[in-house]
Every structure is written in C-alpha cells, then in structure tokens.
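Enquirer: Just lifted these from TrEMBL, have a look:
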type	residues	note
TRANSMEM	A:27-43	transmembrane segment
TRANSMEM	A:49-69	transmembrane segment
TRANSMEM	A:76-94	transmembrane segment
TRANSMEM	A:100-123	transmembrane segment
TRANSMEM	A:130-148	transmembrane segment
TRANSMEM	A:182-200	transmembrane segment
TRANSMEM	A:230-252	transmembrane segment
TRANSMEM	A:264-282	transmembrane segment
Amino acid sequence: MLYREAGQFSSRYADDRRVFRLRQDRLGLALLLVFAFAVVPWLGNDYWFGAILIPFLVLSLAGLGLNLLTGYAGQLSLGSAAFMAVGAFAAYNFELRVPGLPLPASLLLGGLVAALVALLFGLPSLRIKGFYLIVSTLAAQFFVPWALTRFGWFSNYDASGVISAPKLEIFGIDFGTPAGRYLLTLGVVTALFWLGHNLVRSELGRNWMAVRDMDTAAAVIGIPLLKTKLLAFAISGFFLGVAGSLWAFAYLGTVEPHGFDLNRSFQVLFIVIIGGLGSILGNFLGAAFMVLFPLLLSNLAGLLPGGLIDAGQLENLQKIVFGALIVVFLIKEPEGLARLWQRLRERARIWPLRH
Amino acid sequence: MFERSFASRLALALSLGGAAFAAQAGGEQYFPLQSYRVGPYAAGGTGFFGGFIDYLRYVNANGGVNGVKLTWSECETEYVVEKGVECYERLKGGLNGAPAAATNPLSVGIAYATLDRSTADRLPLITINHGRTDSTDGSVFPYAFPLQLNPYSEVSAIVNYIGQQAGGLDRLKGLKIVTLYHGSPYGKETNEVLKTLAEKYGFALTLLEVPHPGNEQQSQWLNIRREKPDWVILRGWGVMNPVALKTAQKVGFPANRIIGNIWSNSEEDAAPAGAAAKGFIAITTHPSGSDFPVLQGIRQEVVDKGQGDLADPKRFGTVYYNLGVVNGILNVEALRIAQEKFGKQPLSGEQVRWGLENLELDDARLAALGAKGLVQPLKLSCSDHEGGGAVRFQQWDGEKWTLISDWVQADRALLRPIIEASSRKYAAEKGIAPRDCAKEA
C-alpha cells in the first residue's frame, strides 16, 4: 500500500534492468541527494559537519571498499586501515611533489597507489582462504604503518611524522570551510557509491559473487579466479585509499601512520558486518551505527547532571551499552541492518495487510 | 530574518552538541575539557584534569576571576585523535552562553589535528609542556601555546644536565646516549633536534622506538645493553615508563643512568616499577608535594569539602595533579591579564589569546598566588609562546621524588633558529603570512 509497485510496467528491457526500477526508489534517492547537497550545507553547523557527517561519509566509503572485497568477492581482509593509510600518504605526496596537481587528481592517484598495494597483498588469496587469508592481510596492517614511520620521505621528513593536509582547493574554489569539506566528501562518496553500485551489477560483480559462493564451481564454469580475486583486492584498495585520503584531508586535517591502526581495520569490518555483508546500503547503515551511536550515548551522558556518576565510570558504562547494542542487533538480525531495512520495505508493500 | 534565525535555531536544537539551550548565563567563562579518564593513558588524564578542575573550583570558591565565575564540561577523548576532534567541535561553542576560553587537550595528536581549527575558530590551544615545538613561534602560530617548556627545550635541558654531570658541555664529546622514545608524534618530535645536539657536542646518539602503547620492550633494552650507553633518555608516556624501568633492571642497566623526560616523571610512572625504579632520574617543571599555599588552599576549600575531582585522594599533590594546577594557574592568569584590557567580563577566545601573549608571572605575582616554586617565572610575547624553558631534576627514592638540581635552563638561543626555520617552512606550506611581531608590541 505505502510502497506500491502495481501499475509500474517495464515496456523495454532497459527499463527492467535499471538500477532503481521502482519510481518510489528513484524519487526517494533524488530527494535524498537534493537534501544532502542543497539543504544540509545550509542547515548544519560545524559540529555536525566536522564531527558527525564527514566521518560518517568517509567510513561509509571505507565500508563499501571492504564490502566489495569481503561481502561480494568473499575474501576476508583485516588490512583496510593499511590501504587507507597508503591512499592518504600517496595523495599527500602527489600533492606535495607534483606542483599544480588538482586535488581530485591527487585523490584518484592516491586511490590507484592503494589499489596497487592491495593487489600485492591480495596475491596470497590465490592460494589461501578464510582465516588464513586474514593473517596475510594482517601483515599489510603491520607492514604499512611500519614503512610509513620508518622512512621519513613519506611524511616529508616531518619531525613528528605527522602529515598535514594541503589546502583543499579545486579550480580556485576553496573547500576548506566545514561545509566545503562536507560537500567535497559528499561529492566523492556519491560518485564512488554510484560506481560501486554499478560495479556489483556488472559481469565482474557477478563473477565476484560466484567466487564468493564457491570458487571451485566458479572456476569450472569458466570464471578466471586470478583476475577476479585480484581485481577485487585492487578495486577494494582503490575505494579504501580514497576513503583514507578523505579521512586525512577532509576530516582530521592531519594524519599520522598510527591513526590507521588495527582498530580502524576492525571498525571498518564491524561496519560491514553490522550493516550487512553484500549490501550497498548496509555500508551507510553500519557506518551510521558505528559513528552515531557512541556519539549519541556520549551526548546523552553529557546531559546527566555533573557528579552523579564518576566521569571515568560513565565512559565505561557507555562502552558497555554500545557493546550490548551490537549484540542485541546481531541477535535480532544476523544479516545486518540492511536486511532489517529490506524487511521493513516488504512490510510497507503489503500494509495494511499482514501477509 | 525570522526564517534565518529559525533555521539556525533548528540546527542548534538538532545538534547533539548539548548547547541547545540558549539561556544566557552571563558572567561565566567556559573551559572546554577534552579529558581522558579511560584507556592506557588514564593515569595522566585523571591526574591532570583533576588538578585543573580542582583549581577552577578553588578560583570559583574565591569569587571567580574578578567576579566572573568559571564553568567547564568534559568530553572523553581516550587520547584518540578523532574523538578529540569530535570533542573540540562539540565544546568549542561555549556552554549556556558562556564563551570558551581555551582548549587544553593534553595530547600531541589531538593538538596537531585541532591546530588549524583553533586558528580558524580563534580559540587558543594550550599544550603545556608538550605540543608542536615550532608553534613556539607565535608569528606563524598565533593561537598555539606550548607553555613553559616545548619539546626542544626539554631535550636541550637534559643534554645540558648531562653536560653538568660530566663536568662541562665540552665533556659530552665521546659520551654515548640512547633515546628510547614512544612511537607517536609526541615521541618522535625531538629526534631531529637530538641529532643536531649530538653533532654540536659530539656525543654518540642512538634512537630506539618503542611502539605504542609500549608494554613490550625486551628487544630495545637488549640493544641498550649491547650499546652500553652512558645515559638513557626515556621519552615515554603512560604504561611505557614502568615497563622500561622494569626491563632495564632485567637487563642490568642502572636506573640512576636513566633520565625520564617530562612525561616520564610522575609517581604513576615510577611507583609501579617497584624497586626497579629506585634511583631513576626525571625532569620536572614543577615539584610534586602539597606544601605550596595554593595547594593548601585547594585542600581546604575544595577537597576537604568533598568537592575534589580525584577518585583517589592520595594522588593529591602528585606530579600530574600539580601539573593540572599549574595549567589552571596559567589559564586563569591569562584571563586575568586579558580582563584588564578588555573589561571584567567573559572574554572571547581572541581576547584570551591576547592575555596569553601578554602573560607575565614574576616571583612577586607567583608568591601572591601561593605558587612560588611550583610555577617557574614566565614571560610570553607575540614571538615567544613558550616563555619558560627551565626544568629541575628529581630522583625517585622508592617512594617519592626528591629534587636533586636547581633550575637547568635550555639553550633557547641555540634552538630559536631551528624553531624559526621549521615554522617558516610550515608557513610556506600552508600559505600563512607570518605576523610582524614588532608591530604587535
């Protein structure tokens, strides 16, 4: 009733194959984009941009990067943060050493370098699977920060090894304000999600899913495992690399190698697991959960009268509540928040009837 | 007009920032506290912010700063950079209409990440005894204040002390010094200047990194045993320090040849190492102890009334706690000085910055504050955001710290050109036009 498909006929094959076949979906997406691009910059304040929206968008993108690899191609990885670091440092060095390079080009090149590194660390995936593959990607997680710390060239011999973001300027327009940084992030993230969504519906995406479900069977029907798996690593690395440079440039403004430690990899993995493996929307839901819930709890805790609970204990209580929430969500919906959303849509379709 | 204010109010109401209630408090100055009470560095955070908050309470109990009451709220950072940024954005707008005076994140990583934001928001960023060294040059970093002691001064003073022990700086030639540093921006900050000093004085320098958080140091100390250095400079933080002392004992390196830096100098660093810490030397900008009149005042008017911030009252008067008190004194004195110029009312960050740049504490003023001997005499200016640069050395006797030296001054004249070169490089990278400090005075 609320979500009626009735009356929407496809008269051409192209109509039937489009990404958003339902009018409601197309309209909703368009409205959402208009809201995000035109209304939010006008409504939001520094806190919303700098502390909530930008990290949310960047982590969604990182989630998408890992989801392509783990959710679609079935290759487990714990090296997400390392590839983000590669992207951030590569983009920084391109910006620094190639004068006059426009910012989008540095982001792109940073992503490509991350893709190369990811490809390299993806090589073992041809021989090993599952938990063993995790261990080999874990090597990236230790190797990359070590290399970035060990060789001063990467951080332009900065005394403390911290890189500081270049000026965010594209064709003379300054994106350095909080709203500007938000728009820059939103633009990049929207473009890459568009790419990602189309990618998983392409032949490559279908190959990934075949490999994920059973790689022997996939090989038997003629899917080249080498190419498919390595492309999954490279493309995932590209997305993560761009996310890493956005994290460094648009969000924090500075980055040190240890900002991309194992905890960040776990964070991205949790986003994917909680949001939903093999789902595009799930990345947003997972990132929202991971970014917004702790902030919400912490802000709620801030409203409590001071001195009621010891400040240190209050902090630990929030962690307990957040952990409990994760457990509850996963028990209620093991397939992630994206599945929850899907069920809601099915409900809405037949409402007010129940079956 | 109406629509605009409605929209902004809606945005405010939507904001989780806690500043939703736009009630005008009037006559209050706000301190946004990016504190950390959990995580591996909780000992430092609870002590420092405990002392800071207790001092603010003490000032309030005595009528505030010229009648302006101080208020504050906390936001937990866990010493994690993005949390610190989130807290900065959440708190920077003030509380219930009381404007923010300055941020004190007590974390180099967070300070680095909020440096640009502080400048854009015109809110002073105070990094007492730490921070980015070249931010000492106020002409390039108008809003950053590495008060008392920046990292370069710190190592310079340590090298000067080692020289004193050897019988003169010329005797440094041929000595072997190992620096064991925390693998973070903070830890690495001094490596370059140590190399410069090693070249100048001719001592052999070995730099060894301990990865964060530093609870495994066996291989580093085996290296040290092989090197047989004359001195080890311990540039640690949190749990890394007691582990270093215990491992040193295991490999047979004497504790009285280890010099702890400014973040390896607290009771929490030495005491957990037990007997291994006996004889350990560390620098400090302020002695521990609770005999200073200002601490007695805090005890009477805050702690004894049950309003103290420390969960463990035994930590009253320890190094971290006293650093918090010192930080409180410097913040509040900057407010007081700025109030003389801008009127006795809550001030904006920009006005507080003026107060910090004109901060001058001589012995007479320190005696009036009851902090003589606790805070070193300071004088800041537009070009000098550090102001002090002297440390004293203390030794752990197994239970408490005893001072073993008078004030040892860093060679600030030597460091200044290095700092300026670095800040000029930063200014060129960022496209900042440095202020002309001659005109400011």
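Cβ atoms here come from the backbone N, Cα and C positions, even for glycine.
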Enquirer: If we call contact 3 or more Cβ pairs under 8 Å (sequence gap 6 or more), are the transmembrane segment (A:264-282) and the transmembrane segment (A:100-123) touching?
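Expert: Result for the transmembrane segment (A:264-282) with the transmembrane segment (A:100-123) is no.
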Enquirer: Please work out whether the transmembrane segment (A:27-43) lies in contact with the transmembrane segment (A:76-94), by counting C-beta pairs under 8 angstroms that are 6 or more apart in sequence and asking whether there are at least 3.
Expert: no
Enquirer: So if I exclude everything within five residues of the ends of the transmembrane segment (A:49-69), which remaining residues of that chain have a CB under 8 angstroms from its CBs? That is, six or more out.
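Expert: Those are 40, 75, 77, 80, 83-84, 178-179, 181-182, 185-186, 188-189, 192-193, 196, 199-200, 208, 232-233, 235-240, 242-244, 246-247, 250-251, 267-269, 271-272, 275, 277-280, 282-284, 286-288, 290-292, 295, in sequence order.
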